[in-house]
Amino acid sequence: MFDLDKFWQFFNAEMKKSYSTVAYNAWFKNTKPISFNKKTKEMIIAVESPVAKGYWEKNLASQLIQEAYAYADMEIQPKFEVAGKEGPERLVTPQPRIKTNQEILENRRDEFAQDLQLNSKYTFDTFVQGEGNKLAAGAALAVADNPGSFYNPLFIFGGVGLGKTHLMQAIGHQMLAEKPHAKVVYIQSETFVNDFINSIKNKTQAEFRNKYRNCDLLLVDDIQFFSKKEGIQEEFFHTFETLYNDQKQIVMTSDRLPTEIPELSERLVSRFAWGLQVEITPPDLETRIAILRKKAETDGLAIDDSTLDYIASQVDTNIRELEGALVKVQAHATIEREDINVDLAKEALADLKLVQKNRGLQISKIQEVVANYFQTSTTELKGKKRVKQIVVPRQIAMYLSRELTDSSLPKIGQEFGGKDHTTVMHACDKISRALKTDAEIKAAVYDLKAMLEH
């Protein structure tokens, strides 16, 4: 006899093995089974919000079906309902996000509507998840579901063109879809700087503070631009404090961790760590293919899988360059009046040599070259020995990994035997200082750079 509660315990135990704590708390913790019809095999599950409903239907329903089959050798029919305060009720699908946001932009006349510049394409529906971004996507969806309570602030970091802005703006779109009158402010950090400077010049600081401190959701892109700007950091600190204390959601993006931003005040570094800091890394091959397929479908392009595979294999850096390669192939096909296929893609991308040009150095290659140069081994570089003959080469290898690759400090630390990012930061700082005073280290770094760049 099928016991719904026991099955749900089994299912949750399996999901805890497969998902991070962040993802589990976001999607499984507050999701409950309501009923199971033995005849139709329909299982009704209550989820917290329309966002969660869409996520379960799109990403988790198949896993639920598989686990039920493994548990009881039966194929269930899951149905997801949004739970209200008195049980499942809100079953109407929300208005399409893009249309809702357009109506808001057309009808709202206050200062927030004037400043809101969300890209209509940057929604959760158009975001392609993969291994490199699924944690960030899960966190963003959780924030969209529970702004001000889940992961506040949310700090998304990673290289250029990996989808940080897309996820950030998707949160804004979702809030406006759920609450059309919400006050959402999306800005580049440079805009905050310029607005602050202008408010001083024009003596409009009260208006400036009212704008940024009285919103429901503040989205700040490229926060690293605040580097070395003490006055701006002071102003943003007070903005942060006001919003946080009022339980308003703050989301920031950066190309690096707060601890890596030069001369960012300690109190901002500390506060940015109050919520969740999550990294987006370059997409793997499978994700790149999925991104290209989504882009092709959106643009109405007929491209077979083998051609998509080829294009994806040529660009492994970021989404922006990946989509740029597809545009180049499309343009070449239009000019030549030919169908898109592998041969045409090879011809279109021949002059780019994208992989060779953009893949850059691997940390493993840097470790190998440094180890050979100092007559040691990569195992020693990754190890824990603290003797000078090993420590200095290890620090130089970490420094070069930071200088010559796009890897974050946590990623570099992982490649050096799972060391903490603060250890990497200390090594980089030490070598940077030594380059100014130690001729021997300076010569070694110069030699190694020359070897690695050729």
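Placement of Cβ uses the backbone N, Cα and C atoms for every residue, glycine included.
Annotation comment: Swiss-Prot describes GLY161, GLY163, LYS164, THR165 as ATP binding site. Feature annotation from Swiss-Prot assigns region 'Domain I, interacts with DnaA modulators' to 1-74; the stated evidence is sequence analysis. According to Swiss-Prot, the feature region 'Domain II' maps to 74-116. Positions annotated as region 'Domain III, AAA+ region' by Swiss-Prot, on the basis of sequence analysis: 117-333. Annotated region 'Domain IV, binds dsDNA' per Swiss-Prot: 334-454, in sequence order.
Location within the structure of each feature annotated in Swiss-Prot.
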residue	record	Cβ contacts under 8 Å, 6 or more apart
GLY161	ATP binding site	THR317, ASN318, ILE319, ARG320, GLU321
GLY163	ATP binding site	PHE127, ASN133, ALA136, ILE280, ILE319
LYS164	ATP binding site	ALA136, ILE156, PHE157, GLY158, ASP221, THR253, ILE280
THR165	ATP binding site	ASN119, TYR122, ASP221, THR253
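Within 8 A of the CB centroid of the ATP site residues GLY161, GLY163, LYS164, THR165, the other residues of that chain are GLY158, VAL160, LEU162, HIS166, LEU167, THR253, ILE280, ILE319, ARG320. This prediction places the mean pLDDT of the region 'Domain IV, binds dsDNA' (334-454) at 85. Helix, strand and coil counts under DSSP for the region 'Domain IV, binds dsDNA' (334-454) come to 87 helix, 0 strand, 34 coil.
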